[in-house]
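Copied from Swiss-Prot, the annotated features are:
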type    : residues                      : note
BINDING : Asp14, His202, His204, Asn238 : Mn(2+) binding site
DOMAIN  : 5-267                         : domain 'Pyruvate carboxyltransferase'
REGION  : 392-519                       : region 'Regulatory domain'
Amino acid sequence: MSNQVKIFDTTLRDGEQALAASLSMKEKLQIALALERLGVDIIEAGFPVSSPGDFRSVRSIAQEVKNATVCGLSRALEKDIDACGEALSVADNFRIHTFIATSDIHVANKLRKSQDEVVEMAVNAIKHAGRYTDDIEFSCEDAGRTPIDYLCRMVESAINAGATTVNIPDTVGYTTPTEFGGIIQNLFNRVPNIDKATISVHCHNDLGLAVANSLVAVEYGARQIECTINGIGERAGNCSLEEIAMILQTRQAMLGLNTNIRSHEISRTSKLVSQLCNMPVQSNKAIVGANAFSHSSGIHQDGVLKAQNTYEIMTPESVGINKNNLNLTSRSGRHVIKHRLEELGYKAEDYDLDTLYASFVKLADKKGQVFDYDLEALLFFDKQKPADEHYKLLYLQASSGKEIIPSATVKLQVGEEEIIESCTGNGPVDAAYKAIIKVLGHEQLEIVDFKLDSKGEGADALAQVSVIVEYNGRRFNGIGLATDIVESGVKALIHVLNNTHLADQIDHQKKQQTQTAGV
């Protein structure tokens, strides 16, 4: 049996299901390219049949990703599989992942079919997927609660039908490592054709056992792990990619297993997903948390200074955390910024140096010193700006204080027109938002969520505002970054407005295409 474990990342599919607002196509592509750079073997890009937006995102990722297999999810239905086949057809390498529930609970209450009928549906779906590709994955949804005899029968039938990967999900995170390891062991002992397919696992974290169950599965012969960056996902999340990858790397001598993950890319991939998904990483999170390599105990600090491995089983550098907190100032030149970004793991093609440097100088003039976390925040935010901004902030003034009615004046460029409005509110941000809504001339926007995070340390740290807005029945996410909280909040709302404008343009184009096709 091979000692190579494939890493199947489902951040863009299962992970996105945990978000309050969907990622934009541009954001999904950013994450996909980061996963490719990380060394992920298979990227599950989405569920193409679920919406036109998801279809376009999967197709865009399929076109751009060259060094990983791009995968689309489908139910065991022909229309789902056809949508996958069409969306993925532009990829160099692609996989169709189809699934059906197999536990008694699901078969009886959700599918309302007999076990024989479910097997037939699975076989037909796999054969239909074979019209598009030889790389077919089949999942037995809720395998963790499926009777072992029926699970063995389903796996054997799926492989005979043409599935090259069979996935065994612990869909509700119910099993313990002993139970889940026993399921995998039983499959290898009882399914006669199991050597003709890769056995995969997809573990949820409802009882905090997703990583442990994934680990025991590969010890019993599974050779693909489905996981997500930062462990994000439905309910309590999924197996954390960074945790399982570093377990296999750190304990390689004992486990004898390898992956293609480039561990030095873990930290920045984690940061990117955290930023784009608006899901902060807990400080004590293994591998990527802010405290993962911190030592406060005097005894521990003394030990680490004498020999790093006294209290560190891996180095921060091994996951891409650089300890050099070089302080940059407005006197630092472009070459210094470029060099520092190279040390942080960013390549020249990851950013526009002129644009980034202009933002850096403005920030340095305000703060005096700019730190690594500031620089990375600027790089991230500059990437989020649309190439063609329909809405631009030209002027902002806000006032508030004790015994003062909060007010704000905002001047926006809307297309070719400049509009200025003033409003009062319950606070300076509320006043600024009301002024912007007056500029728009309508009240179709509903603020669903407003979140403020500090990016850095001290009172002069950058403020990042993430705002979720409901517009025409859809949710849009925006991010703003500034040393001033009100400015950051306004930038976040303008980011949303540009996203809604782009969505309106796409909807208009689709209507025109439909009308043209009907003529």
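Cβ coordinates are placed from backbone N, Cα and C, and glycine is handled just like the others.
Long-range Cβ contacts of His202 (Mn(2+) binding site) within its own chain (separation 6+, distance under 8 Å): Thr10, Asp14, Ser139, Asn167, Ile168, Pro169, Asp170, Thr171, Glu226, Asn238, Cys239. Cβ environment of His204 (Mn(2+) binding site): Pro169, Asp170, Thr171, Val172, Gly173, Ala210, Gly233, Glu234, Arg235, Ala236, Gly237, Asn238 lie under 8 Å away, each six or more residues apart in the same chain. As a whole-number mean, the pLDDT of the region 'Regulatory domain' (392-519) in this prediction is 86. Shown in sequence order, Thr10, Pro169, Thr171, Cys203, Asn205, Ala210, Glu226, Cys227, Thr228, Gly233, Glu234, Gly237, Cys239 are the same-chain residues outside Asp14, His202, His204, Asn238 whose Cβ sits within 8 Å of the Cβ centre of the Mn(2+) site. Under the DSSP three-state reduction, Asp14 (Mn(2+) binding site) is assigned to helix. Burial estimate for the binding-site residues (Asp14, Asn238): highest at Asn238, by number of other CB atoms within 10 Å.
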